[in-house]
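Here's what Swiss-Prot has on this protein:
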BINDING   Thr11, Gly12, Ser13, Ile14, Asn39, Asn122, Glu124, Gly203  NADPH binding site
BINDING   Lys123, Ser149, Glu150, Ser174, His197, Ser210, Asn215, Lys216, Glu219  1-deoxy-D-xylulose 5-phosphate binding site
BINDING   Asp148, Glu150, Glu219  Mn(2+) binding site
Amino acid sequence: MVKYISILGSTGSIGTSALDVVSAHPEHFKIVGLTANYNIELLEQQIKTFQPRIVSVATKELADTLRTRISTNTKITYGTDGLIAVATHPNSNLVLSSVVGVSGLLPTIEALKAKKDIAIANKETLVAAGHIVTELAKQNGCRLIPVDSEHSAIFQCLNGENNKEIDKLIVTASGGAFRDKTREEMKTLQAKDALKHPNWLMGAKLTIDSATLMNKGFEVMEARWLFDIPYEKINVMIHKESIIHSLVEFIDGSVIAQLGAPDMRMPIQYAFHYPTRLPSSYEKLNLLEIGSLHFEKPDLEKFPCLQYAYECGKIGGITPAVLNAANEIANALFLKNEIAFFDIEKTIYKTVEAHHNVKDPSLDAILEADQWARQYANQLLIKKS
């Protein structure tokens, strides 16, 4: 069966890896739609190669520019409406959500309403609105297939298993670019230092989130919704080699782990062709060459963002959306070298402390909380500067 795929965020690291997978298996995958933010040069090349029916970019100006540069019959749209148009295109049956941040929420929700299966790589969608997204998927008979290597690993480990027999999920973490630094050393580190991830090729925002361990916190929150497991049963373990992508421990003491070379094309290909596997030419795992694997507990005093994620997830309501929004603002300013590394965690803490929670929020309440938190975090950082 051919999968007809729309990719939200086709010019980012996940999107380009996904298109590598499509190119490797053209008999199995066809591209229907693509979206980019501002990188229309790369999008133009992708349009020529994959000839999608529809694409979307950030602004009308970029859309107008792109129209002058392509000769295909591809429809060109823009903005949030454009994202939604790509996500809900009638010719697609699978949507890869790989845009960065909460901007992936609305198109994912609309895609589910249109009865599309979702290959989900956008963490923030489940962080901010996990209860809404998972319920919509159930109502519409849609599959949420994880793309993150950690969640793909758990998904594969649980294949054919009974969720009631799970004792705990163990999500592995590389530890990020600053894993071997002391708090004192981290005080003066800049974005350029954080962007050197030890194991994975990732976008800038995600690499900073990895350095603070907020990325791992988001993955814990994501796992709670993807697998319907309480936070008390989700553990994090530092594993510097990034060979074991996650583990599941069962009530009888048995542990199943999923291993593989750190290459995002593998979980993407698994998600695209689920429930069956395809051959690949990607690097194969050789444990004899690796020799040994190492594990340790995360240091929550050194990396408090992971603890914040657990606490906000347990509180629920709009609190996770507030956490996410404050992190997005602080992360972006750190990338511009406008704030210090520790200002990220301080901004998140103060913003979460200042908000008033709403239990079982509607989508509108979540979006309002997102906007409030962005403004509050911005004001905190403006006052600081």
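Cβ atoms here come from the backbone N, Cα and C positions, even for glycine.
Locations of recorded Swiss-Prot features on the structure.
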residue : record                                      : DSSP (3 states)
Thr11   : NADPH binding site                          : coil
Asn39   : NADPH binding site                          : coil
Asn122  : NADPH binding site                          : coil
Asp148  : Mn(2+) binding site                         : coil
Asn215  : 1-deoxy-D-xylulose 5-phosphate binding site : helix
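Residue density at Ile14 (NADPH binding site): 28 other Cβ atoms are found within 10 A of its Cβ, drawing on all protein chains shown. Here the candidates are the binding-site residues Lys123, Asp148, Glu150, Asn215, Glu219. The one whose C-alpha lies nearest to that of Ser13 (NADPH binding site) is Asp148. Checking each of the binding-site residues (Gly12, Ile14, Asn39, Asp148) against Glu219 (1-deoxy-D-xylulose 5-phosphate binding site), the C-alpha distance stays within 10 Å for Asp148. A distance of 17 Å separates the Cα atom of Thr11 (NADPH binding site) from that of Lys123 (1-deoxy-D-xylulose 5-phosphate binding site). Ranked by CA distance from Asn215 (1-deoxy-D-xylulose 5-phosphate binding site), the binding-site residues Gly12, Ile14, Asn39, Glu124 have Glu124 at the top as the closest. Of all the Cβ atoms in the protein chains shown, 23 others lie within 10 Å of the Cβ of Thr11 (NADPH binding site). Take the mean position of the Cβ atoms of Asp148, Glu150, Glu219, the recorded Mn(2+) site; other residues of that chain with a Cβ within 8 Å of it are Lys123, Pro146, Ser149, His151, Ser152, Val171, Lys216, Glu222, Ala223, Ser246. Of all the binding-site residues in the list Lys123, Asp148, Glu150, the shortest Cα-Cα distance to Ile14 (NADPH binding site) is found for Asp148. Lys123 (1-deoxy-D-xylulose 5-phosphate binding site) and Asn39 (NADPH binding site) are 22 Å apart (CA-CA, integer value). Counting only same-chain residues at least 6 apart in sequence, those with a Cβ under 8 Å from the Cβ of Gly12 (NADPH binding site) are Ser98, Val99, Val100, Gly203.
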